[in-house]
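Okay, structure first, notes after.
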């Protein structure tokens, strides 16, 4: 496939094509691989995203800025960028890695994206790298809620209830299934003030609590979108759009 097409999607045409090829080369393919470029790109990426958040969200404190940045530069987010760039066909992998589906592996895709950022930095300097990174992240930031990104379902449910001066949810393990080494936990999440009671399962108590909290928050948003009101028990399958952070956390 033509590297020129990838360069157009990336928003940078390389003066040194060898840097682009190296950025796309996994260590399974040969000695001149992309791990050092990945290291460099990770640092440039973190700085650029930090600057973008600092300028965009003047009211966020240090802790919230760090939380949002961590979620924007994590593996899943970088793998999403790789998908938008349609990067998989351009990766240079060893035969074994190729056969095992490495071109679809999120870790390999994320590493290659960071390596590309590092390669752009070496090829044309910081301003060019910043432009490329901003081009990838501006549309992402347009759909980000900094108040919820990176917060898990239990935290969001707690904040929702506290904002309405309601008691915190009650989590109860109602059943366990399976052998000791592969147990499934079934947890109930109850919000008495809203007459909500839902259950969910998970491979650990924590995972089950997170899944139950997500269902409870969906139900609470139906029963009490802004203010508390009485009603029948909310259905555990309430269909609502929750912050993306919750959906990712409990997959």
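A Cβ is built for glycine as well, from the same backbone N, Cα and C atoms used for every other residue.
What you are looking at is a predicted structure, and each value in this text was computed from that prediction instead of being measured.
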Quick check: of 38, 186, 188, which does Swiss-Prot put in the same Mg(2+) site as 111, 114?
38
10 Å Cβ neighbour count around residue 111 (Mg(2+) binding site)?
27
DSSP state at residue 111 (Mg(2+) binding site), helix/strand/coil
helix
Within the domain 'RNase III' (3-125), count helix residues (DSSP H, G, I), strand residues (E, B) and coil residues, in that order.
89 helix, 2 strand, 32 coil
Cβ packing number for residue 42 (active site), 10 Å threshold:
19
Please report the number of other Cβ atoms within 10 Å of the Cβ of residue 114 (active site).
26
